[in-house]
């Protein structure tokens with residue numbers, strides 16, 4: 001077996017995107033002879049770090065947690081919102097075994113299918129498109145009685161914006177010819193997370209026994225009456241719609257929120273036999289399903305169970321007897337360890353970690369170099385002593401100084417990074433090692449909002465650089481994403497990628 005160059009260094013320049021526009025672009029403005037030389041002379045290109053390419057909704061800017069998860073996993077790691085949306089688009093949602101089992105059992109017994117959740121397009125806890133899909137699933141599987149218990153938003157959406165969402169679901173039921181909205185209540189009651197059980201009790205009694213403070217003929221009338229009482233969406237009081245509906249033994253109940261924290265309390269009331277927070281008038285025996293896992297302690301199946309990431313890069317390197325070093329300063333240490341390892345806290349066998357403290361300043365524009373020089377000292381030392389097969393480093397400057405919105409400081413941050421990259425490349429050349437230079441998402445390449453002229457402190461959807469430093473004659477293919485980086489590293493290391501890694505090498 002031929003020996004591969006050692007070490008292979010993955011440099012993650014956090015928040016270092018690429019923009020063709022020179023406007024407010026700290027990367028463009030900075031004096032960066034090393035990166036300019038690499039860009040002109042070695043294999044390089046751009047890869048995507050945002051939207052569906054990293055498991056987020058279309059057009060959504062990337063972030064450090066998601067970026068490092070994708071970089072280390074070697075596959076697109078879909079977030080819960082996106083997992084559900086993608087399953088609906090692909091048609092898989094309508095065959096989901098957990099939901100279908102609950103619905104089919106209820107249908108076979110002539111029972112009702114109830115589903116509940118936050119009815120809005122906020123996309124933080126739920127999405128109305130998911131509720132529409134649930135209505136369609138119940139209809140397709142033969143349910144005659146389909147009831148939506150709608151929780152109104154007004155926090156992740158404007159305070160009085162529920163009318164359009166109600167209209168959408170009313171239209172869905174009308175088109176299906178089956179089903180209706182059975183109740184309305186504000187999320188203040190149904191989605192408490194502070195153990196205010198008096199609020200949760202009102203939601204539970206409304207859903208299970210149809211007991212509302214108010215009854216309205218239609219959901220729209222119920223909403224209008226709430227507004228007339230001075231309530232905004234979040235605080236709409238328990239309102240039963242039409243003939244009050246009850247949840248009976250044998251019914252299916254599906255909670256359609258994908259975010260866990262505000263779904264736990266109401267779920268507990270439905271499924272805990274020894275529940276003691278308030279006295280339930282009834283606890284019907286239902287087929288209860290959560291869209292995701294709300295807590296391990298809640299005895300209910302999840303339609304989209306948490307995916308455990310097997311054979312992430314760190315794990316696979318360990319299985320193949322490779323040594324690795326993870327290094328970052330405080331601000332990004334969790335990203336280069338926990339998130340890069342697919343949500344695992346403990347180091348893998350043969351993995352060592354170095355944490356360099358971030359400087360104690362109020363904001364990093366006051367010290368744009370942060371602790372990058374100290375991080376670089378330790379990497380150069382590790383390269384020279386040849387102890388590790390792989391070194392993964394995060395440089396926090398582009399992101400943390402980018403968030404300050406101070407252009408001059410961001411330029412200094414990029415210039416500092418250029419010096420650090422130069423030192424690492426020089427050390428690698430001495431020992432015959434290799435490097436990949438990339439980023440997790442954009443930020444520092446846009447420091448002002450073009451429309452307002454104000455400081456731009458957020459991430460961007462710009463692509464990020466991908467640079468190969470080494471002696472092999474390789475080319476960078478187009479269309480790469482963050483999930484392709486780990487398979488690229490395995491190719492350089494002479495290792496077959498595991499089946500779980502669906503990314504493909506960027507170097508060809």
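Placed from the backbone N, Cα and C atoms, the Cβ positions cover glycine too.
Binding of substrate is annotated in Swiss-Prot for 155, 156, 187, 193, 259, 260, 261, 262, 332; the matching candidate from 114, 125, 127, 403 at the same site is 125. Among 14, 20, 104, 484, the residue that Swiss-Prot places alongside 64, 440, 441 at the Mn(2+) 2 binding site is 14. Here the CA atom of residue 399 (Mn(2+) 1 binding site) lies 5 Å from the CA atom of residue 14 (Mn(2+) 2 binding site). Sequence-distant contacts of residue 64 (active site, phosphoserine intermediate), defined as residues of its own chain at least six apart whose C-beta falls under 8 angstroms from its C-beta, comprise 14, 15, 332, 335, 339, 399, 440, 441. There are 26 other CB atoms within 10 A of the CB of residue 14 (Mn(2+) 2 binding site), with all protein chains counted.
Of the binding-site residues 156, 399, 440, 440 has the largest number of other Cβ atoms within 10 Å of its own Cβ.
The sparsest Cβ neighbourhood within 10 Å, among the listed binding-site residues (125, 193, 262), is found at 193.
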